[in-house]
Amino acid sequence: MLELYESDYHSLASSRKKMLQLPLVVTAQVDLLLVLVSLLAFWTRLSHLNYPNAVVFDEVYYGQFVSLYMKRVFFIDDSGPPLGHMILASGAYLGGFDGNFVWNRIGAEYPSTVNVWSLRLLPALCGALCVPLVYLLTLELKFSHLSALGAAVLLLLENSLIVQSRFMLLESVLIFFVLLAFFSYLRFHNAPSRLVSDFSSHVYSWLILSGVSCGAAVGVKYMGLFSYLLLLVVASLHTWKLIGDKTISHMNVCVQSVHRVLCLVVVPVLLYVFWFYVHLSFLNRSGPHDQLMSSAFQASLQGGLSRITRGQPLEVAYGSQVTLRSSVSQPIPCWLHSHKVNYPIRYDNGRGSSHQQQVTCYPFKDVNNWWIIKDPGRQQLVVDTPPRPVRHGDVIQLVHGMTSRFLNSHDVAAPMSPHTQEVSGYIDFNVSMPAQNLWRVDISNREAESEVWKTILSEVRLIHVNTSAVLKLSGVSLPDWGFRQLEVVADKLFKAHSSSLEWTVEEHRYGTSQEQKEREAELHSPTHIDVDRKISFWAKFVELQWKMLTVKQEESEHKYSSSPLEWITMETNIAYWLHSSTNAQIHLIGNPVSWGVANLSLLAYQLLAVVYLLRRRRGLKDVPDGVWDQFVCLGCVCVGGWLVNFVPFLLMDKTLFLYHYLPALCYLYLLSPALLEHAHTHLLSSVTHQRALCVGALAVLLSIFLTYRTFCPLTYGSPELSAHQLQGLKWRDTWDILYRRR
């Protein structure tokens, strides 16, 4: 036995000696073309990144959000989810930016305390990484390294992509994640079927990365959704083909399909929610966009409304003093209001009114916004001990705190909306117009909250008992006699789920004064009772999604706005920056030669696809099935990518700019070299024709490089050109090139 142990020991020692034998040798394969284009991409995107040391075009827009992030102040950007802003804010944080800079105009000089290089670093890195990604993606489309090099060069020398990458903007970040998503998915799809069937972690890591990239693309800008949906279509076609493969067991097909759904659907959705979770968790302070949100949302933020509502009673009781905010956030937030002014006896159109006290919706905090909840069966206007809470279905009266008028409605046409009833503060003029001031409480979200009317949390409709009309904000401004405040009406023909019908108690206190003068003093000095009030993340998430989709910032026609059809032929440009005293300037202008090559490639592919389809329909196969599959895949990704990123803009009613076309353009740059290789390999049988095609391609590449060099002064802002030289760069009459004559 001892001899056996000694033998094992010597064997183990010998094997260890072999393992540790020096020198250690590592063998690696390096794609020098990939390294070369990567280095050139970093050089073109990152060199002199802090020039100009001034705010450039949309930096004035995104910079405001970066500053709010640094100060943890809540905001809404209806143009997209928060991931893009978080990425820009991360770069600012790494550079020590504290948010103390006023982003009020393009061209404003950055102070020495702002690290401009850091602000622009992450978009520039993403823009540089797009070049090697295009190279790798072309290889995954099963084209040669030469085609991959051609696609990389097209992106490398595209002036508009360089400009968009070198500043604190988001298009380069979006394009990076889109390209990464397609590359990762095709890397997974092209993996050996044996590894896919064996569920190799290495292979499925590419599928997970694709799902993460899709979630990131949509998280940066909603434009990313177009490419994400295209990838889902491609993946669905591949999965459908997998289901029809009878060489794979039923269980294996099911497991592979589930993995695809989890990685490409569940992961992006979870990530999309996660971006908002981080956004809402980090931005916990009151800010400029608070009033767009509900009272409950506002109260969850530090400062602002939370300072007013902290310690308020939670349950509305008989005798409560409240302000009622309309749930509608457009045109502006407002509160139920009344004042010691009556409706005019007759309106300008000759219609008569009740001449009772005006009831409006006022968009500012005011003591005349206070109302008292009264029990119709009792005279007192103070809260009992213990308080009697108001519940769903209860009939109440609303007494205006400062004038003691009852909220009333009757069969009199509203001043601006004659198809609805007038709402007034009742005055008894002894003209056979009795008071109709009973209102039934209808808590529309009682299933989520409770039957008890709660401060901030409950969304309430007030139904007029006599006429069954519902108290509603019409949104129409009253004339001068109504001080341009918003009209409040009672509407019988209402839509059941309209937000204009709902009201929320925002400020609330328990009334203790029965006499009018004492009550007026009380309304100016709110009391506090400690109550803990919270709103869940999911409630905030859903509300924020709805606001982003429905609340649009005011848009006006911009000097450099353009239509999608102008993008194809680059009839427009955008002046991003102009030096305050010289002719140095930066423009978003594409490489005209590259742009033309992209358009020709798109047209050529479509014509070739039509010819192929017609001939295959007649039973004539010009290319083998494998080549045909490669050609179809190229069209799905490249032509499909161009379509989904271009056509939707034709249907949009919003201000658009040339940079919106850049994601679609990248797909065409993928298409051009691949289509050229297809023609060279499968369409041209003559060596002479093939050589002619190669010479033509080299001539085009040389033209692209020369054009890139020509427009470099407008891409990088240096060197400064004379007015005559700038005029020479105006290749199209529609371009707006700025210059100073000396």
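Yeah, the Cβs are placed from backbone N, Cα and C, and that goes for glycine too.
The transmembrane segment annotation in TrEMBL covers 20-43 (among others). Within its own chain, the transmembrane segment (20-43) is flanked in space by residues 127-132, 135-136, 145, 148-149, 152-153, 155-156, which lie at least six positions past its ends and keep a Cβ under 8 Å from the stretch.
Taken from TrEMBL, the feature transmembrane segment covers 83-103 (among others).
If you look up TrEMBL, you'll see 115-137 (among others) marked as transmembrane segment. Within its own chain, the transmembrane segment (115-137) has Cβ neighbours under 8 Å at 33-34, 37-38, 40-42, 44-46, 49-50, 53, 59, 63, 66, 87-88, 90-92, 94-97, 148-149, 151-152, 154-156, 161-162, 164-170, 172-173, 175-177, 179-180, 182-183, 186, 666, 669-670, counting only residues six or more beyond its boundaries.
Among residues of the same chain six or more beyond the transmembrane segment (143-161), those with a C-beta under 8 A of the stretch's C-beta atoms are 31, 33, 37, 40-41, 44, 127, 130-132, 134-137, 172, 175, 588-591, 594, 597-598, 630, 634, 658-659, 662, 665-666, 669-670, 672-674, 676-677, 697, 701, 704-705, 708, 711-712, 714-715. The transmembrane segment feature in TrEMBL is assigned to 143-161 (among others).
Sequence-remote contacts of a segment are chain residues at least 6 beyond its ends whose Cβ falls under 8 Å from one of its Cβ atoms, and for the transmembrane segment (168-186) they are 56-59, 62-63, 66, 80, 84, 87-88, 91, 119-120, 122-124, 126-127, 129-130, 133-134, 136-137, 140-141, 161, 206-207, 209-210, 213-214, 216-217, 220-221, 223-224, 227-228, 231, 234-235, 264, 637, 659, 662-663, 666. Feature annotation from TrEMBL assigns transmembrane segment to 168-186 (among others).
Taken from TrEMBL, the feature transmembrane segment applies to 206-237 (among others). With a cut-off of 8 Å between Cβ atoms, the residues of this chain six or more beyond the transmembrane segment (206-237) that come close are 79-84, 87, 170, 173-174, 177-178, 180-182, 184-185, 187-188, 191, 259-260, 262-272, 275, 636-637, 640-641, 644-645, 648, 660, 663.
Beyond its flanks by at least six residues, the transmembrane segment (258-278) meets 81-83, 86, 185, 199, 204, 207-208, 210-212, 214-216, 218-219, 228, 231-232, 235, 239, 537, 541, 544-545 of its own chain at Cβ-Cβ distances under 8 Å. Taken from TrEMBL, the feature transmembrane segment applies to 258-278 (among others).
Taken from TrEMBL, the feature domain 'MIR' applies to 313-376 (among others). Helix, strand and coil counts under DSSP for the domain 'MIR' (313-376) come to 3 helix, 30 strand, 31 coil.
What TrEMBL lists as domain 'MIR' is 387-444 (among others). The domain 'MIR' (387-444): residue composition by secondary structure is 0 helix, 26 strand, 32 coil, according to DSSP.
According to TrEMBL, the domain 'MIR' annotation covers 449-508 (among others).
Among the features that TrEMBL reports, transmembrane segment is placed at 593-614 (among others).
Under the heading transmembrane segment, TrEMBL lists 626-651 (among others).
The transmembrane segment feature in TrEMBL is assigned to 657-676 (among others).
According to TrEMBL, the transmembrane segment annotation covers 692-711 (among others). Beyond its flanks by at least six residues, the transmembrane segment (692-711) meets 150, 153-154, 157-159, 589, 591-594, 597, 676, 679-680, 684, 729 of its own chain at Cβ-Cβ distances under 8 Å.
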